[in-house]
Amino acid sequence: MIIKPKIRGFICTTTHPVGCEANVLEQINLTKARGPIVNGPKRVLVVGSSSGYGLSSRIAAAFGSGAATIGVFFEKPGTESKPGTAGWYNSAAFDKFAKAEGLYSKSINGDAFSHEAKAKAIELIKADLGQIDMVVYSLASPVRKLPDSGELVRSSLKPIGQPYSSTAVDTNKDTIIEASVEPATEQEIADTVTVMGGQDWELWLNALDEAGVLAEGCKTVAYSYIGTELTWPIYWHGALGKAKMDLDRAAHALNDKLAAKGGSANVAVLKSVVTQASSAIPVMPLYIAMVFKKMRAEGLHEGCMEQILRMFSERLYKADGSAPEVDEDNRLRLDDWELRDDIQQHCRDLWPQITTENLPELTDYFEYKAEFIKLFGFGIEGIDYDADVNPEVNFDVIEL
């Protein structure tokens, strides 16, 4: 079929398998160009490995460190009449390129929150790898099915205490609007912590530990974002922030547990990037368009892949084997460049000046849109989007 982009709200409902493969290859080539990650991990489990930071982590481990990887994700394959999700095609491409280089690659497609996914991952590790030395936790999901009761819990992208109003961009109409979001109820806050907090990360590590598959010195990392006062009302001081604070709580508990075997658990605070997850957060697209332009001008721009490579080589797996620098909460900070005073002051000064008319000139808004559509495999140079492509892409994946 011939596949063109169809955008609805903040998601693109179509995906291009060839474009998604090109994205993955671009990240692999970037990783190889950086050279090997000295002292990197060799047997890695990535929970949430099909897009964004999770996919980049799997690529860094495999193509930067020669690691065997197991990826867990929840994606839809394509059928003859309908494309699959971008994450499906990303994972298929990763598997293809990893196997071509003789790297071990196995994937599990199912609900990562379930007991079943954990049991299947443990079974694979025991059968094929024995133990693992790194666990990356990179889930972004709006809903969690509680594994014991089967209850569906939903997260909310809302402020706490009072309504939040701010200048934002309508990404469908490319116009500047005033966005208003009502505050979360106590129940919505609690539910957001249940879905996006650290509980499932702990459940994964506890299950892996009890099964005896965590190697001596095993490291685990989960990803977070803090941002600045420009996004705090909707993010860090909102319902999502409470969940991310719970991730910090889990990190301390897990770090105590893993320290006994010479390992560690950290939250890594990453920079804002264009992902399916961030595009759903009110105000983030406008903030990203502003901060990206300034960071590009300063030579500090990083996408998902560059961020993760810096986390591996300059934090967790330093060439000299020294311990990573952490903040007062034991977090790895990769948002350090974004949070530079000059970068943030620029955004603060610019925010009130933005209009629909000057949006393209004062920000990297259209670059943001191009990067967003690229997540789904579109707008990539050298790809013929009028060509017939097969939406059915099969690979070595265990379906739960």
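Numbers here mean position along the shown chain, with the first residue as 1.
Glycine residues also receive a Cβ, built from the backbone N, Cα and C atoms like all the rest.
Database features (Swiss-Prot):
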type	residues	note
BINDING	48-53, 74-75, 111-112, 139-140, K244, 273-275	NAD(+) binding site
SITE	E75	site 'Plays an important role in discriminating NADH against NADPH'
BINDING	Y225	substrate binding site
ACT_SITE	Y235	active site, proton donor
When distances run from the Cα of V274 (NAD(+) binding site) to each of the recorded positions E75, Y225, Y235, the nearest one: Y225
Listed in sequence order, residues with CB under 8 A of G52 (NAD(+) binding site) and six or more positions away: S138, A140, V273, T275, Q276, A277, C304
Closest of E75, Y225, Y235 to G48 (NAD(+) binding site), Cα positions, recorded positions only: E75
Count of other CB atoms lying within 10 Å of the CB belonging to Y225 (substrate binding site): 23
Cβ neighbours of F74 (NAD(+) binding site) where a neighbour is any other Cβ within 10 Å: 20
From F74, E75, L139, K244: recorded positions whose CA lies within 10 A of Y225 (substrate binding site): K244
Neighbour count (Cβ, 10 Å) for K244 (NAD(+) binding site): 23
Distance from Y235 (active site, proton donor) back to L139 (NAD(+) binding site), taken between C-alpha atoms, in Å: 17
S50 (NAD(+) binding site) to the residue listed as 'active site, proton donor' - Cα separation in whole Å: 24
Spatial separation of E75 (site 'Plays an important role in discriminating NADH against NADPH') from K244 (NAD(+) binding site) - C-alpha basis, Å: 24
Rounded Cα-Cα span from Y235 (active site, proton donor) to F74 (NAD(+) binding site), Å: 25
Cβ atoms near D111 (NAD(+) binding site) (within 10 Å, other residues, all chains): 18
